[in-house]
Amino acid sequence: MLTWLEQFLIRYPELALFLVIAAGYWIGSFKIGAFSLGPVTGALFAGLVVGDFAHVPVSSMTKSFLFLLFLFGVGYSVGPQFVQAMKRDGLKPVLLAVVVCLTGLAAAIAVGRILGLDPGFAAGLMSGSLSQSAAMGTATDAVNGLAVPEAQRALYISHIAVADAVCYIFGYAGVIMWCTVVAPALLKIDLRDEALKLERSLGMSRAKPGLASAWRKFELRAYRLDEHSPLIGSTVAAAEARPEHRLFIHRIRRGERVLQAEPGTILAPGDVITISAPRQIIVELIGSRAEEVEDRELLDIPLISADVFLINAKLAGMNLQEASQQDWTHGLYLRSLSRGGQELPIAPGVVLQRGDLLRIVGPEPVVENAAKNIGVIVAPSNSIDFVVLGLAIFFGGVVGVLVSFPVGSIKIALSTSVGTLLAGLLVGHLRTLDPRFGRIPDGAISLMTSLGLAAFVGLTGIHAGPIFLSALRDSGISLLLGGMVVTLLPQIVGFCFGHFVLRMNPILLLGGLTGA
């Protein structure tokens, strides 16, 4: 049975890859406390097992194809925020990332030389220790460019996967331990308390409803005002001027007439008003203190929901509190806000950026007018602009091959990997200028990034499987100890630089360390 399975996997390597992907995601789903390998590292270990069991042939073109899809997807997803983040946040996060990355690179080079590691082991040491499995792809590109015999290159590429597998577990767990236990102890802070402080600085509230809840699901109801109502004698604008809640008066029935609620209209006893607000706000502010009226004509206000792509440069840079004070937001509700496929919390201090996707709700004329002030309405679509996708990767790869810079006596090219990543950044950024350009749905981007990297790493594991155990016996302990140094040194240096030099907020500092 095992012999048949071995021959089957060798004969049908594409099926072996799908087996590795499935096993990788299954392995990555297991958790020990807060620790889990994740699907990418799970795919690496699954690939090593399958590769050790059966010498499955691996196509280098397939590996490159998958890795380039992953890189383009990453660039595309962060492109809309990349330039804006540079403008908004300044150099602090960038400088922190540069220091951490350069320290990690220098540590990997130094440890590699001290231990006498070959290029493959050294590259895997870096990718595993820094828990950056994507570096396996660029390292493979670099190894393929070495002027050594083909057999030697194949051995080096196998060593990348071996070293990554050995170093990854501490590379992942070590950063978690540093950022959740050691660093907070050194800073003498409680992570939860600091996170709550940061939330409050952004206007978020967990204890009571505020802007976050008032800009979500809402009701449209009609109420008759009696002579004891606190709203009697006040204008519509004054009744709506509640900074802690978002409430709007749309129409007023006065006798037989239906009036549009103008800001200067004074409310009188007997008026029936239509109010839109979140359900809990209506209950808290009005509740049983007013008579609810079922007035079909008054309540017949067409409401629509629209996804609007933010391209207005004047709006970008405002926080939600400032944006909500614009004249054209009257009667408008923000149901959700997403950036790069990730939904953001709705709070007064959250700053808008070009490329954000806002789902707004309100009366049809209000939504249409707001969309003009925000950007353009994006119609739901599952179509992919394959023309832009293919040409961007092609020309990005061409630029990566042709552009080089001197380092000492040699020239180093950007490589197809870096070129493709830059192409993704460019296309993603251009979409902030015209969202109709290069459209790729979030689901497709997620597939490119998650499946692309997991499949690439799985193939690398399959390739390294036949020599994994022997390489582990020869270099396992030295790789593990060296990996610990490469994991912790960048964290320590980055922590000191961010805290003492940049004086960053503790939560942002620790977040930057995990991201860098």
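Backbone N, Cα and C atoms are what each Cβ position is placed from, and that goes for glycine too.
Here's what Swiss-Prot has on this protein:
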TRANSMEM  10-27  transmembrane segment
TRANSMEM  32-54  transmembrane segment
TRANSMEM  64-83  transmembrane segment
TRANSMEM  95-117  transmembrane segment
TRANSMEM  165-187  transmembrane segment
DOMAIN    208-291  domain 'RCK C-terminal 1'
DOMAIN    296-376  domain 'RCK C-terminal 2'
TRANSMEM  386-408  transmembrane segment
TRANSMEM  412-430  transmembrane segment
TRANSMEM  443-465  transmembrane segment
TRANSMEM  480-502  transmembrane segment
Most Cβ pairs under 8 Å with the transmembrane segment (95-117), selected from 64-83, 165-187, 412-430, 480-502: 480-502
Residues of the domain 'RCK C-terminal 2' (296-376) by DSSP state, where helix covers H, G and I: 22 helix, 28 strand, 31 coil
Contact between the transmembrane segment (10-27) and the transmembrane segment (443-465) (3 or more Cβ pairs under 8 Å, separation 6+): yes
Tertiary contacts of the transmembrane segment (386-408) (same chain, 6+ residues out, Cβ under 8 Å): 68-69, 72, 414-424, 426-427, 437-438, 440
Leading contact stretch, 64-83, 165-187, 412-430, 443-465 vs the transmembrane segment (480-502) - CB distance under 8 Å: 165-187
Remote residues contacting the transmembrane segment (412-430) - C-beta distance under 8 A, at least 6 residues beyond either end: 64, 67-68, 71-80, 82-83, 137-138, 141-142, 145, 355, 388, 392-393, 395-406, 437-438
Positions whose Cβ lies under 8 angstroms from the transmembrane segment (443-465), at least six residues beyond its ends: 13, 16-17, 20-21, 24-25, 39-53, 55-56, 58-59, 62-63, 66-67, 69-70, 72-74, 76-77, 133-134, 136-137, 140, 154, 157-162, 165, 341, 382, 384, 471
